[in-house]
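Worksheet for the structure shown next.
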Amino acid sequence: MPKNSKVVKRELDDEVIESVKDLLSNEDSADDAFKKSELIVDVQEEKDIDVEEESEVEDERPAWNSKLQYILAQVGFSVGLGNVWRFPYLCQKNGGGAYLLPYLILLLVIGIPLFFLELSVGQRIRRGSIGVWNYISPKLGGIGFASCVVCFFVALYYNVIIGWSLFYFSQSFQQPLPWDQCPLVKNASHTFVEPECEKSSATTYYWYREALNISSSISESGGLNWKMTVCLLAAWVVVCLAMIKGIQSSGKIMYFSSLFPYVVLICFLIRALLLNGSIDGIRHMFTPKLEMMLEPKVWREAATQVFFALGLGFGGVIAFSSYNKRDNNCHFDAVLVSFINFFTSVLATLVVFAVLGFKANVINEKCIAENSKMIVKFLRMGNISQDIIPHHINLSAVTTEDYHLVYDIIQKVKEEEFPALHLNSCQIEDELNKAVQGTGLAFIAFTEAMTHFPASPFWSVMFFLMLVNLGLGSMFGTIEGIITPVVDTFKVRKEILTVICCLLAFCIGLIFVQRSGNYFVTMFDDYSATLPLLIVVILENIAVSFVYGIDKFMEDLKDMLGFAPNRYYYYMWKYISPLMLLSLLIASVVNMGLSPPGYNAWIEDKASEEFLSYPTWGMVVCILLMVLAMMQASFMERYPARCHLQILVKIFIENRVDHQLWILLPMDDMG
């Protein structure tokens, strides 16, 4: 040992002790020190240490194998089931092609700027959602905890939908498909069609009775549905195996799970365009109703769809971008992924309404055939005179145009008596106007359409495999939004945490595979994410623009990207986006207050849905789902103490201070 080494060590210990005393005596200084990732002892010396530590973190942190893998991961997370079964419904409901204009405007005003913001902070700070906001200010660490809780709630029921898709996928390897015809019931004397199926339809009956075996209300649990329990277990096993090594394992799967849905959608579109009626569906879909653009509800629903389509606030975007190199052009990524998401929604809408147009055409032909028989019957009975029917029309093989001509003639001639005839106009638009979304679209309307496809089992296998992949892509991002921030913050092993998280989620998720489970899925979908995520993203925007400082953030972006982002983002982040988000939050709260809390229950005797209000305990659960995420803000005040503890542990491990330094720690911080 050199001659004066003890003197040097004593001076170093005294210097560190003094700095730690200052740190613990002034929390504001500690907060500022943590934000800058340095202890204020000797500025030049500590800056050098920070550069070394930052370089070590960058070297140790996992990274994407390629830019393509990262883009596919972000696309897989943002493009989910909502693009297939929510966007087409909103487009039809809110003015057809006219809805695309509000959506595009709000994508530019809310979507891309906030998506760019989350990509930027994740890439710049290279931590999960908890660490990112704690870096900006330790008092904002609770934003990340809130994101994790919302991610967990969403993962609970989202994987149930993947389980449903797996069940239908497994049942699709049959000819004919099991939901093609109503089942027959035999008794001692004769055979008859199942009454519940006869009153509804084959696909509706299969969904509610064979798949879900649903109860009549949320209060009737009915026990576990073993088929769906097995499918839910399979879904969580797939997610766990894919995520257990982080992006090293899930990143490779992204090549298939993100690209396969596009192959299926394009195949479906080509096939559907070759079927009768598909053009009618597309024409109906995109015929603009410009007057609806003036309704505030249209803009609110478009803003909500933009918000959730990009996965804002979940933490998955931040987690994925934190594995990027610091000089990655995240602005290009934000614009690219946002527009891929938009065009995917448009492609899915084309496919959905091309298929529904074909289905409407099939149903319309049956309607015309049945009503033509009724007209022939009335002609024979003398209720309608043969003279009013044009001679060139053959009612035994009537075309759509000829039927409508005959219908109009009978309606004019038999003005007063016409209602008693019970004839149907058989307009294809009436069938297309029956708006369906969510599970009703995927598991009832679309499955019914596929039964009329040639080689229907093949298309059913492709469709439900596509739903599984769309769901898995979103699940990977959602689970990454939980795992990454927890691993970054508490330094636990990723493999163990992933297994525990998936096992816990499966156990809690058993409430969704009861016979009443579908009603709980509706409850969680309506109340667990909307308001908490809006508040999270508002706080994110405020944290960057006003706590960290928008000018400083723009300088960081210039340093990181190598060029200054357009000033457009400055004004969006500082003024427009916060106001738009606040308006959306208020509109969502008002809409939630005006909408009676309840769910659509399947009534077996009536073979139809009926709206029921939640019981008192159900209302309590709804409120708790919204409140629990926001309660995570309670972590904010105690988080700086943990930061002090981590700093002191690191100093102690590096032998930079004697054991007596620990007497400076308050007892509650040591706990």
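Just so it is clear, glycine is given a Cβ too, placed from its N, Cα and C backbone atoms.
Because TrEMBL annotations are produced automatically, they should be read as predictions rather than curated entries.
What TrEMBL records for this protein:
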TRANSMEM  70-88  transmembrane segment
TRANSMEM  100-121  transmembrane segment
TRANSMEM  142-169  transmembrane segment
TRANSMEM  226-247  transmembrane segment
TRANSMEM  259-282  transmembrane segment
TRANSMEM  302-323  transmembrane segment
TRANSMEM  335-356  transmembrane segment
TRANSMEM  458-483  transmembrane segment
TRANSMEM  495-513  transmembrane segment
TRANSMEM  533-550  transmembrane segment
TRANSMEM  571-594  transmembrane segment
TRANSMEM  614-635  transmembrane segment
Stretch contact, the transmembrane segment (302-323) with the transmembrane segment (335-356), Cβ-Cβ under 8 Å, 3+ pairs: yes
Top Cβ-contact partner of the transmembrane segment (533-550) among 259-282, 495-513, 571-594 (pairs under 8 Å): 571-594
Chain residues in Cβ proximity to the transmembrane segment (614-635) (below 8 Å; excluding those fewer than six residues from its ends, i.e. six or more beyond): 141-143, 145-146, 148-150, 153, 218-219, 523-524, 526-528, 531-532, 535-536, 597-599
Cβ pairs under 8 Å between the transmembrane segment (458-483) and the transmembrane segment (259-282), at least three: yes
Same-chain residues near the transmembrane segment (571-594), Cβ under 8 Å, at least 6 residues beyond its ends: 106, 109-110, 113-114, 117, 296, 300, 303-304, 307, 530-531, 534-535, 537-538, 541-542, 544-545, 550, 553
